[in-house]
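Asker: The structure follows.
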Protein chains: 4
Amino acid sequence: MHTPVCVQDFETHAFQVLAKGPLDYYKSGAGDQLTLENNRKAFSKLRIRPRCFRDVSTRNLSTTVMGTTVCVPFGIAPTAMQKLAHPDGEIASVRAAEKMGTIFILSTISTTSLEDVAAAAPNAHKWYQLYIYKDREITANLVKRAEAAGFKAIVLTVDSPRFGIRRDDIRNNFKIPPHLTLANFVGDKATNVSRAQSGSGIANYVISLFDPALVWEDIAWLRQLTTLPIVVKGILTAEDAQKAVKMGVSGIMVSNHGGRQVDGVPASIEALPEVVKAVGDQVEVYMDGGIRQGVDVFKALALGAKMVFVGRPNLWGLAYNGEEGATKVLDTLKFELDNVMSLSGCTSIKEVTSDLVVHKSYYSRL
Amino acid sequence: MHTPVCVQDFETHAFQVLAKGPLDYYKSGAGDQLTLENNRKAFSKLRIRPRCFRDVSTRNLSTTVMGTTVCVPFGIAPTAMQKLAHPDGEIASVRAAEKMGTIFILSTISTTSLEDVAAAAPNAHKWYQLYIYKDREITANLVKRAEAAGFKAIVLTVDSPRFGIRRDDIRNNFKIPPHLTLANFVGDKATNVSRAQSGSGIANYVISLFDPALVWEDIAWLRQLTTLPIVVKGILTAEDAQKAVKMGVSGIMVSNHGGRQVDGVPASIEALPEVVKAVGDQVEVYMDGGIRQGVDVFKALALGAKMVFVGRPNLWGLAYNGEEGATKVLDTLKFELDNVMSLSGCTSIKEVTSDLVVHKSYYSRL
Amino acid sequence: MHTPVCVQDFETHAFQVLAKGPLDYYKSGAGDQLTLENNRKAFSKLRIRPRCFRDVSTRNLSTTVMGTTVCVPFGIAPTAMQKLAHPDGEIASVRAAEKMGTIFILSTISTTSLEDVAAAAPNAHKWYQLYIYKDREITANLVKRAEAAGFKAIVLTVDSPRFGIRRDDIRNNFKIPPHLTLANFVGDKATNVSRAQSGSGIANYVISLFDPALVWEDIAWLRQLTTLPIVVKGILTAEDAQKAVKMGVSGIMVSNHGGRQVDGVPASIEALPEVVKAVGDQVEVYMDGGIRQGVDVFKALALGAKMVFVGRPNLWGLAYNGEEGATKVLDTLKFELDNVMSLSGCTSIKEVTSDLVVHKSYYSRL
Amino acid sequence: MHTPVCVQDFETHAFQVLAKGPLDYYKSGAGDQLTLENNRKAFSKLRIRPRCFRDVSTRNLSTTVMGTTVCVPFGIAPTAMQKLAHPDGEIASVRAAEKMGTIFILSTISTTSLEDVAAAAPNAHKWYQLYIYKDREITANLVKRAEAAGFKAIVLTVDSPRFGIRRDDIRNNFKIPPHLTLANFVGDKATNVSRAQSGSGIANYVISLFDPALVWEDIAWLRQLTTLPIVVKGILTAEDAQKAVKMGVSGIMVSNHGGRQVDGVPASIEALPEVVKAVGDQVEVYMDGGIRQGVDVFKALALGAKMVFVGRPNLWGLAYNGEEGATKVLDTLKFELDNVMSLSGCTSIKEVTSDLVVHKSYYSRL
Ligand SMILES: Cc1cc2nc3c(=O)[nH]c(=O)nc-3n(C[C@H](O)[C@H](O)[C@H](O)COP(=O)(O)O)c2cc1C
Ligand SMILES: Cc1cc2nc3c(=O)[nH]c(=O)nc-3n(C[C@H](O)[C@H](O)[C@H](O)COP(=O)(O)O)c2cc1C
Ligand SMILES: Cc1cc2nc3c(=O)[nH]c(=O)nc-3n(C[C@H](O)[C@H](O)[C@H](O)COP(=O)(O)O)c2cc1C
Ligand SMILES: Cc1cc2nc3c(=O)[nH]c(=O)nc-3n(C[C@H](O)[C@H](O)[C@H](O)COP(=O)(O)O)c2cc1C
């Protein structure tokens, strides 16, 4: 195996080394996986219109997110159970993010406790991804612990009253291996993903524990628990974006959960413009889904994302070799983004403007 | 072979276990099979715009069809000669439908008599699919027997003055095997599909016996035979839909006969919106063709279908293991539909509205 | 090998039995063969909107072409050197056309003399395809002989001042085999396709003998030679169609020469509507290129062609077994056209109207 | 191996005979290579609308470029290090161009010095492609030497403040082989591409030596160095084209550097119309990228290019057998262009007008 030169190389490697259960869990999308595929293909339908002969001798890739400066406009999306990829799991990821000076979002269903993650990377920009459990005490507890541990935002995932149908997890009767735990819950009733007798263990876990009765008004309940800003994750329509704004959220993450919920929803990058248009300057808009290279980041920024996040690329980096692999993935994206900015005439993130990216249909009118 | 987790798994299994003649008969479309393929592909061009954070803790999948409540908005389309798939044939299918609380449509050219089907599942919602024979006495007889046996609607197939050209049936010189009969005709002249010397036995049967001279006005003749509501099956244009409405039908089934008649007609899901628009609230519109998963049902409902039907999926279920297999297919669809409804914010069928589904071209305008 | 059930089966057979030189000559298109491929693909982008419940108990497939009745709306396009496919060559083809009651167009560069063709099928509708040679005497002679022999129209090919670049003919150094001759020229200087030392023999023949200086006004010269109606073959634009009409031609054949001239021109079926629109009722419009099945004929008629022609299908029929094979090909097309007419509600050619066929983009507007 | 009959044949041959390092360097595009691929695919979406029956007995393929007559409207684009393809390198190329009577553009990073190139083909139309080095003395020196040696224009490449990410060059740790040098720099500090320890040697070379601080105003500096006309190469937008015009350039080359800079920019042929429209008659517009056959040249001319250039085809010709191979490639293109002009009714370059080429979407409106 060659040293990876792009995220796809890390992916190819991970496909070779990971065990079937975890690999399928990581890579799968819902149903026929058309949305999963489209998350990538939709990027290839966007064209960059580069500008030449601007002084690009120095580029500044940093941006601000809710007032805080981050070194690059891409961070790490929350993905569950990262120890399936490498024994260091979430610790390796958060340290890679810390080194890069960017945001790491910890999943509620992580294999490392939020306190351990916080302790391992005290200077990282850490956000905490929240699933709301039927048992509101469990939930409130998580939020308070996250705030106490130094997490800087709550990322409330709104697309998962239950999980999408990921066929390979059902076929594999996917369970969390005995040596791992959902570390945020040690001792309480939300611990166990392995008890499923048949079907997908993770889907059954979600069905039994997550609260499917949530409505937009429940955000008010969350707000009185914490002073942290709230980002809602999983929005794909202008309608929902406006509802979120009305509830006073600080940020919106356009996301289709990596194509893992409903097969048939738009690619995240397809849905981004309508959300950006709907919310205007009221809140910041982020996105994840299908980001694999610098040009993808560039396109998403041009279409109005303030920041983007990568899910699977981080997992492939972990599988390569833990913190070092995760770091290499982020370095690769930075190198690529720096390159496309240089070659498109942009020296700062705010210069990545909407006129630099068009849909390919722009070129079918002669 | 793994336990099937989706309709495609049942299909893969059936392709392995069925004999060539029956398999080709079941799976074939007309000509180059482009419409057959497009029946599926057209679904993948539709995008679901899901809504988050609605209380989806309970979902009600039932709907009403011509005033009657059914438990799910999908039923079983009429397909001929189901004993080619499993010895229990139509009996197995109707019982699966009965268990699911949905509609079973019995083909005129079934391998079980309509009386036996009725007796096997007295509580099922049973409709009777009618082909009109040149011999009107045979035809009238069928209608009266169906009404007497407790069928609740006549589904008049209007797209088959003869059959389309299914090349493999010609190559196979497809005939009904000696141990099976067209059970609705035992003893009379419409019994025999096996007498063809060359070419497709079923096509020759149709040519010699079905009436190709039918016009819309003939529906009047049918109406005076029975008090049952009439559904016309096989409509693909606004023009024909309006003619059907004028003749006083109670329902219209948008269908291209599973891509088996003219290769080159639109996918059913493509034709659905123009029919829905043409008839407005005057009659109910149903559709079949290419439905293979919950998201397909969801898309068809959003585009205005009151109910959808599956043809081949039921046959693949039968081939898996009779009534149990047919039941599993229906259960799979229900599980999937329930899932997509949860994840799109719908708790009842009437909430599956047209704004939840768009053509993918919606996303090519930045 | 199975009995062929469609034109593609005849093609598959021909690909197996013909020698490389002739096969490549027959099947090739120019350049990258994109137009060749598109001649087929463009048909698959058209959708038929069938009408149900019309009395289709009898169908009449006959039509009139310049006042004469033919039994089917498809005939045989001129293709050179048919003895490469079968020893009976053009004789077999013309007899198949005679049996079918349709038009056979004889190529100028045939391997059977026009007199022999005429004698073999005295009752066939025969048209003579003309290339104009630099030597106008040779040309005038051909026209007069054709008229004398009973051909009923001159089909003047206007797309071939030289031949397109067919790479395999160059690679094969394609020549006419020694036992065949260009039979219309026996004894005169236009006989020999085999003298090329390198490259494509047929291309070199054309370069040295055909007149590339022709202009629309030269049609006047042709008209004074004969009283036969003139059809111009090879038109792809409204502009040229209007010029042809001005020169008093009786018919226009929309054609890209089977994709053999310029790679990159539209499919014939793509160009048809603009020509039909440009000429209105002034002259009849025909087309060839990519017709392989009944539904293709149906689509072309709906888009305004009065008659269509097949080139390669006839050659594949010849290769199957001469006159019998050519007959089977025509029978297959007739059977298929009859079927699609029945299933679309048309009982005569004039009922195949433009509202029955739409571009697939018609279905992308919800 | 057969004698090549088209550029693709030369390419196939080169893929077999070149060593991996040079081959990958030559063939690669940036990133996922979608722009590289699209440079070709975009041509296939354009349709030629040919005109028949014009006198095409003689065709004149010559055109004028900035007042000078060239024999064909295509020339050789600057590509670096041609001795990787054949020991005669740039000398072979320039002689092929000289024989054809067309333009040869010498790369700054050539493996033959500009003086040797000039001496080898004194009568060739030679242009000099310039990269501006941070060290302005080196740069000024190059320009003056080029003018002195008889080059007739400076082609200033504006799309390369650094190089795009060509993954195989990184994987191969691509370096210039020890027996070759960047011949324009012998002795000075800009000589060495082989010093890279890891990654792409050529990319590192560019990063360390090229000036990324250039702005449009720097063209003024260049203009006072030389009286030669300046062509800017690498423009893809109307905005940049207008800036170039304002700076007084004489020509604009629409180019994406053979898909080697940013993956995701439009195909050159896609970007051409917007540039042509933006500059009107103010300066001449040229293009390169994806030209492989006569029909491509034809399409680019119809869309407004005054002249086109080929990069890789020349390299494949060199790899075939030096000057002779390069000549054969040009001859092939000429033969093909002559053919398409004949068959489209054009006898001179100015007759290749914009109405002769349309986007394929022109044919989806019935
Ligand atoms: C294996 C896996 C686990 C995930 N777990 C979570 C999770 O626990 N919480 C959450 O909000 N999103 C989760 N996601 C979704 C990601 O946050 C993100 O939306 C998605 O991965 C982005 O797409 P990408 O993988 O193409 O970058 C998960 C995604 C994957 C692939
Ligand atoms: C094997 C087979 C037999 C069929 N027989 C009948 C029939 O007897 N009567 C009828 O109206 N439709 C018949 N159909 C058409 C179906 O009712 C239905 O329109 C079609 O199968 C729906 O498409 P699907 O198979 O993609 O679900 C048949 C279809 C198949 C595949
Ligand atoms: C092998 C071959 C030879 C042909 N020879 C002639 C010819 O001599 N004269 C002519 O006008 N067209 C000729 N054509 C073009 C045909 O008349 C016709 O335009 C074309 O074959 C129609 O396309 P199809 O082959 O897809 O049906 C030839 C075509 C082929 C394939
Ligand atoms: C191997 C290679 C080396 C190149 N070197 C240069 C160069 O030194 N300077 C430059 O301006 N363009 C360079 N180019 C870009 C070409 O001038 C031209 O834009 C491109 O090759 C055109 O695309 P084509 O290869 O599809 O014809 C290079 C391209 C290739 C493929």
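From the backbone N, Cα and C atoms, a Cβ is placed for every residue, glycine too.
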Asker: Quick check: of A:ARG166, A:ARG167, A:ARG223, which does TrEMBL put in the same glyoxylate site as A:TYR25, A:TYR131, A:HIS257, A:ARG260?
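Answerer: TrEMBL lists A:TYR25, A:TYR131, A:HIS257, A:ARG260 binding glyoxylate, and from A:ARG166, A:ARG167, A:ARG223 it also lists A:ARG166.
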Asker: Enter the number of other CB atoms within 10 angstroms of the CB of A:ARG166 (glyoxylate binding site).
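Answerer: Around the Cβ of A:ARG166 (glyoxylate binding site), 27 other Cβ atoms lie within 10 Å.
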Asker: Please report the three-state DSSP label of A:LYS233 (FMN binding site).
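Answerer: Note: A:LYS233 (FMN binding site) is in a strand by DSSP.
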Asker: Need the DSSP three-state call for A:ASP288 (FMN binding site) to compare against my parser.
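Answerer: It is in a strand.
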Asker: Inside 10 Å of the Cβ of A:ALA80 (FMN binding site), count up the other Cβ atoms and send me the figure.
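Answerer: A count of 19.
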Asker: When the Cα-Cα distance from A:GLN129 (FMN binding site) is computed for each of the binding-site residues A:TYR25, A:ARG166, A:HIS257, A:ARG260, which gives the smallest value?
Answerer: A:HIS257
Asker: Near ligand 2, meaning Cβ under 6 Å from any of its atoms: which of the binding-site residues A:ALA80, A:GLN129, A:ARG166 fit that description?
Answerer: none
Asker: Is any of the binding-site residues A:TYR25, A:ARG166, A:HIS257, A:ARG260 within 10 Å of A:ASP288 (FMN binding site) (Cα-Cα), and if so, which, in sequence order?
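Answerer: Cα within 10 Å of A:ASP288 (FMN binding site): A:HIS257.
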Asker: Could you check the binding-site residues A:TYR25, A:TYR131 and say which one's CB has the fewest neighbouring CB atoms inside 10 Å?
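Answerer: With the binding-site residues A:TYR25, A:TYR131, fewest surrounding Cβ atoms within 10 Å: A:TYR131.
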Asker: Quick test of your reading of the structure: among the binding-site residues A:ALA80, A:TYR131, A:ARG166, A:ARG292, A:ARG312, whose CB sits under 6 A from ligand 1?
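Answerer: Checked binding-site residues vs ligand 1; flagged A:ALA80, A:ARG312.
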Asker: Work through the binding-site residues one by one (A:LYS233, A:GLY290, A:ARG292, A:ARG312) and name whichever has its CA nearest to the CA of A:TYR25 (glyoxylate binding site).
Answerer: A:ARG312
Asker: Are there binding-site residues among A:ARG166, A:HIS257, A:ARG260 that sit within 10 Å of A:LYS233 (FMN binding site), Cα to Cα? If so, list them; otherwise say none.
Answerer: A:HIS257
